[in-house]
Amino acid sequence: MSVYKETLLLKRDFGGLVILFVMPLILIITITLIQDGTYKSMSDVKIPILLVDNDNDTISKTVRKNLNESGSFEVLSQLKGKNITEEIAQDAVFKGKYQLAIIIPEKLSSDLQLKVNQNVDRIVSSFGLTDSTSTNVKNQTIEPKEIKLYFDPATQLSFKNGVKNAIDKMISQIETRSIYTTFQEQLGEGDEPVFEQESFISFKEIVPTINNKEILPNSVQHNVPAWTLFAIFFIVVPLSINIVKEKSQGTLVRLITNPVPYAVVIAGKTATYLVICMIQFYLMVAVGVFLFPHIGLPALDVNGKLFLMSIVAIFAGLAAVGFGILLGTLAKTQEQSAPFGATSVVILAAMGGVWIPVFAMPKVMQFIAHISPMNWGLNAFYDVLLRNGGILEILTEISLLLLFFIITVTIAIAYDKKKRAV
Amino acid sequence: MKKSIIHIDQLFKKYKDADDFSINNLNLIIEEKEIFGLLGPNGAGKTTLLSVLCGLIKPTSGKFSINDLSYQNNATEIKKLMGVVPQEYALYPTLTARENLLYFGSMYGLKGKELKSKLELSLEHLGLLKFADKKVETFSGGMKRRVNLIAGILHNPLILFLDEPTVGVDVQSKNVIIDYLKELNSKGTTIIYTSHHLVEAQDFCTQIAIIDRGKIFAQGTPKQLIAQTENASNLEDVFISLTGKELRDVI
């Protein structure tokens, strides 16, 4: 009967129901669309960047070619029909009109070649293969060169680091090639390449497989579980309001003075709100599976995983319901429970790694993340979806979620009893 | 001789951070089938006493038993015997009167046809049957009071606790409520009632206790109390004589 009453109360609050079911769907579609580019190898969106080429030689041509071929950038050397100078580029970037400007210094290619020649000459002469014509080159002083990078101050650190690493790698490759070529020239080996200039060491990412098919992470596999958890935990807000209302309306008096134990009333709320959590979960999964392919996103792959995912959702739902019951019991007014509930869920999400991966957090936050129920839920979902895990792999996380539910509900009931003893 | 149904022995209640006791060494015996009025100024301890007896709050010390059952050891059994009608409209506003009553009735173990027939009967008796399927939030104050009353009596309680059941209602609703309560009492229900309406109490109650500062100052039938008090012609004179004229603003 408690479940029936709670269901009726929810049904009568149409606005609340819309918020409970529609807002998480809008959230998951929006966030996945926004973050999709991060996971794609070839982005649909090209970031315009400014290139000031004072070198006009092989290095600047290689940099431009590589940037264009990366598919991520649109390289601009002119603005409004005029060549860009360093001053113009700096001004435009610092005002936030562009994310990045690359300034390639004068004579970069020729000076690099000169420096490589000097070094190669020294090595070759140490083997007694001195070329008398190169003495002048050996004695010339060549100042180190620097490629300047200007970033919009609002640019994210991860983007800056990514660009810096890519350019650094590009320059290293150019230097290596130059060294090999110079050696070949000094040794008089003709135009046919003697040295293999391709990298000897390369990386190969080994990803988990199911039926010999690689499980490749994409924005959908990451976002659907993360934002589903976020939505599930938002049940805290309506549930805590429901409990606070019972106090302010006086219905709690009836619930306490009737012979049914208060734990049964709590069980009724738990069952009802857990069903809501599961409906939310299946709606989110349905959106991932059926809607995403129609809006240009990869489909959520739940083949053979839906049962385990449902188990994770049940335990995550229990943890969320426990938190909602505790908050509703502690709060005296809706003004306390609603904002606190909403902000605490956002904090739990941040701590749990919904936005920033836990490994990228400072040490203290990493420790805190590991005691966040949203992190346990997220890890369990990733175990199932991305790590091909089974029930044993998620056992720890779902046990922790259950423990969280038991502890929060026990505290809520104990606090309620203690409060009535004052 | 009537049997005592409530026995309160040396009951104390002091709220946390309060300077004084809300119930201060209170001893009281209430006999069965009485309509027992607890009257007193604001902050006298009436609602606190009702809250302790209903199990809403725990006493600081002392004992009480209901129908010979000690509350400390038989809380669930005692809850089955009593009905509670709080001062607030303790109803879900977005549910209909019927839905509210079906829910609260089921909490006392009523179900099926028995619950439905009792519900219909009570609604009809209190003039609410045609509004049974309307949401409570659309009801007037008097209608809400009547639904509030039905929610407390559907299971035919042996003892009914009423905290100001007629506050804020029109004369018509008040008369319907009082008549219905008298009828319940005539069928054997003991009623414990608090009110500030002294005229209503004088007419309604068979026994009255005047309570102030957590203690009982006088107890008897309305006639006895009036007779015992010098120059008193009604209950209000008795009340003023025992509790004084000074304001009793409480926070």
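Using N, Cα and C of the backbone, Cβ positions are placed for all residues, glycine too.
These features come from TrEMBL:
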type: DOMAIN; residues: A:184-419; note: domain 'ABC transmembrane type-2'
type: TRANSMEM; residues: A:14-34; note: transmembrane segment
type: TRANSMEM; residues: A:224-244; note: transmembrane segment
type: TRANSMEM; residues: A:273-295; note: transmembrane segment
type: TRANSMEM; residues: A:307-328; note: transmembrane segment
type: TRANSMEM; residues: A:340-360; note: transmembrane segment
type: TRANSMEM; residues: A:394-415; note: transmembrane segment
Seg_contact(the transmembrane segment (A:224-244), the transmembrane segment (A:394-415)) with at least 3 CB pairs under 8 angstroms, min sep 6: no
Which of A:14-34, A:273-295, A:307-328, A:394-415 contacts the transmembrane segment (A:340-360) most, counting Cβ pairs under 8 Å: A:307-328
Contact set, same chain, for the transmembrane segment (A:394-415): CB under 8 Å, 6 or more residues outside the stretch: 262-263, 266, 270, 308, 311-312, 315-316, 318-319, 321-323, 325-326, 328-330, 373, 376-377, 379-380, 383-384
